[in-house]
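I have placed the structure first, in the form of structure tokens, so that the comments after it can refer back to it.
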Amino acid sequence: MPRRLCALLLLASQCLGSTAGLFPFGEPDFSYKRSNCKPIPAPMLLCRGIEYQSMRLPNLLGHETVQEVLEQATTWIPLVQKQCHPDTRKFLCSLFAPVCIDDLDEIIQPCHSLCEEVKESCAPVMSAFGFPWPDMLDCSRFPKDNDLCIPLASSDHILPVTREAPKVCDACKNKNEDDNDIMENLCKNDFALKIKVKEIAYINGDTKITPETKSKTIYKLNGLTERDLRKIVLWLKGGLQCTCDEMNDINVPYLVMGQKQAGELVITSLKRWQKGQRAFKRFSRSIRKLQC
């Protein structure tokens, strides 16, 4: 365990007092949750191998059960794997699995500088995948470094992050297609849908996209029925290792095309639906007459 963190935890064990101002998402009732320390579960990959073994519940994000923490923490693993900052995991674990000391009522938050450093490096990565830096990670909530908090790692003990130009997902590359190109591409694929995104997840390095069921338009569909579409799932293969600037706003509709591969609908082309754009207007009109 790093010396600074050891000293921090030793100091924390001696600092009993009010929790006012230290729990930004609502002050917990420690009259009955005083010793609610739980072992960090083995399946919690986000915080596996962190410098401490016990976490406090409720955590800094308001999660009250281990199961809830496991479910929510999993969604942040891709950000850690992007290696946007050396302390990303430390910062996230200080929120999802804050260090717990039996004799301490105070919850130990990440320092303001830790949050700011991680945000500066990782917010652009999140934005590239269509996610803004969330309000729940607002750095102004966290204490200055001269208070009791989890600090940024010393620059003497970390290696600089290598920042390579991110690879663009093949399906998201700007090909400057006109309406004829789009129509030709449709004929090469098994499906073409206009969708709005309900949920994005990452599984085994691939991006799983779940569309809104009530906001999709079907232009082409081979091998699937309307019943199948009620639980439709689209896949962007290798999505964890590439960026897709086309999806930097998941609140807008998209035109997605792709092929059925091994029972999965794999996206080969993804474009933001530009309302009023000539190519998309012609596409909507021409699709009814199309004969591939």
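Here the Cβ of each residue, glycine as well, is placed from N, Cα and C on the backbone.
Around the Cβ of C100 (disulfide bond), the number of neighbouring Cβ atoms within 10 Å comes to 21. What Swiss-Prot records for C37-C100 (among others) is disulfide bond.
Cβ neighbours within 10 Å of C47 (disulfide bond), excluding its own Cβ and spanning all shown chains: 21. In the three-state DSSP reading, C47 (disulfide bond) counts as helix. The disulfide bond annotation in Swiss-Prot covers C47-C93 (among others).
In the three-state DSSP assignment, the secondary structure recorded for C122 (disulfide bond) is helix. Non-local contacts of C122 (disulfide bond) by the CB criterion (under 8 A, 6+ apart in sequence, same chain) comprise L79, K82, C84, H85, T88. Sequence annotations record features per position, and here Swiss-Prot assigns disulfide bond to C84-C122 (among others).
Around C149 (disulfide bond), the same-chain residues six or more apart in sequence whose CB sits under 8 Å from its CB are I108, Q109, P110, C111, H112, L114, F142, P143, listed in sequence order. The disulfide bond feature in Swiss-Prot is assigned to C111-C149 (among others); the stated evidence is similarity to another entry.
Every protein chain shown contributes to the tally, and the Cβ of C115 (disulfide bond) ends up with 25 other Cβ atoms within 10 Å. Marked as disulfide bond by Swiss-Prot on the basis of similarity to another entry: C115-C139 (among others).
Secondary structure from DSSP puts C169 (disulfide bond) in coil. According to Swiss-Prot, the disulfide bond annotation covers C169-C242 (among others), on the basis of similarity to another entry.
The disulfide bond annotation in Swiss-Prot covers C187-C292 (among others) and is backed by similarity to another entry. Taken residue by residue with DSSP, C187 (disulfide bond) is part of a helix.
Mean pLDDT for the domain 'FZ' (32-152) in this predicted model: 87. What Swiss-Prot records for 32-152 is domain 'FZ', and it gives sequence analysis as the kind of evidence.
Residues annotated as domain 'NTR' in Swiss-Prot, with sequence analysis given as evidence: 169-292.
Residues annotated as signal peptide in Swiss-Prot, with sequence analysis given as evidence: 1-20.
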| Per 10 Å Cβ neighbour count, which of the disulfide-bonded residues C93, C139, C187 ranks highest? | C93
| note | Densest Cβ environment (other Cβ within 10 Å) across the disulfide-bonded residues C84, C111, C242 belongs to C111
| Which residues does C37 (disulfide bond) neighbour through Cβ under 8 Å, counting only same-chain ones at least six apart? | S54, M55, R56, C100, I101, D102
| task | Would you mind pulling the DSSP three-state label for C93 (disulfide bond)? | result | helix
